[in-house]
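Enquirer: One structure, as structure tokens, below. Some questions next.
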């Protein structure tokens, strides 16, 4: 896992070059907006239980067959496993947001997840719907102006949304 800074250094080192001015500018921007990033991660983390439970509740309301007898989330144990998995995805998205790079999400959470779900008979499309619901809630947290560093958070909100999109695509 590399953060955005480590990745730039590794790339420049592999090429045997100094860090380019464009790379330096991108890292400088990332550093200058660090407080927004910290505020976003703190907000998502503080709201994590609500984000996860609301996404699951909404998914089960839209797809009641999942919690009906014979459904993939039938029994409390399976619902708990669903909530746990959604929480893990959300947690790794906060790590990626903090690092400014998706590699931790990809390497430690998403790689092999589709195959695992297929082997267990978990409907990936339903998981993707729940992840999209979490995305909507998390992006709302990022865009909430209360208690965050003043400034435009649209680029950061787009970045956070892209991590959710990446996770949703990984399970279908």
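Even glycines carry a Cβ here, placed using N, Cα and C.
Okay, so Swiss-Prot annotates it like this:
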- 72: N4-methylasparagine (MOD_RES)
- 82: (2R,3E)-phycocyanobilin 1 binding site (BINDING)
- 153: (2R,3E)-phycocyanobilin 2 binding site (BINDING)
Enquirer: According to DSSP, collapsed to three classes, what secondary structure does residue 153 ((2R,3E)-phycocyanobilin 2 binding site) have?
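Expert: DSSP assigns residue 153 ((2R,3E)-phycocyanobilin 2 binding site) to coil.
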Enquirer: Could you round the CA separation between residue 82 ((2R,3E)-phycocyanobilin 1 binding site) and the residue listed as 'N4-methylasparagine' to a whole angstrom and send it over?
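Expert: On Cα coordinates alone, these residues lie 9 Å apart.
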Enquirer: Report, in whole Å, the straight Cα-to-Cα distance of the residue listed as 'N4-methylasparagine' from residue 153 ((2R,3E)-phycocyanobilin 2 binding site).
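Expert: Checking the Cα atoms of residue 153 ((2R,3E)-phycocyanobilin 2 binding site) and the residue listed as 'N4-methylasparagine' gives a distance of 38 Å.
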Enquirer: Under 8 Å Cβ to Cβ from residue 72 (N4-methylasparagine), same chain, six or more residues apart: give me those in sequence order, or none if nothing qualifies.
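Expert: Within the chain, residue 72 (N4-methylasparagine) has Cβ neighbours under 8 Å at 66, 78, 121, 122, 123, 126.
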Enquirer: Count the other Cβ atoms sitting within 10 Å of the Cβ of the residue listed as '(2R,3E)-phycocyanobilin 2 binding site', across every protein chain shown.
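Expert: So the Cβ neighbour count for the residue listed as '(2R,3E)-phycocyanobilin 2 binding site' comes to 22.
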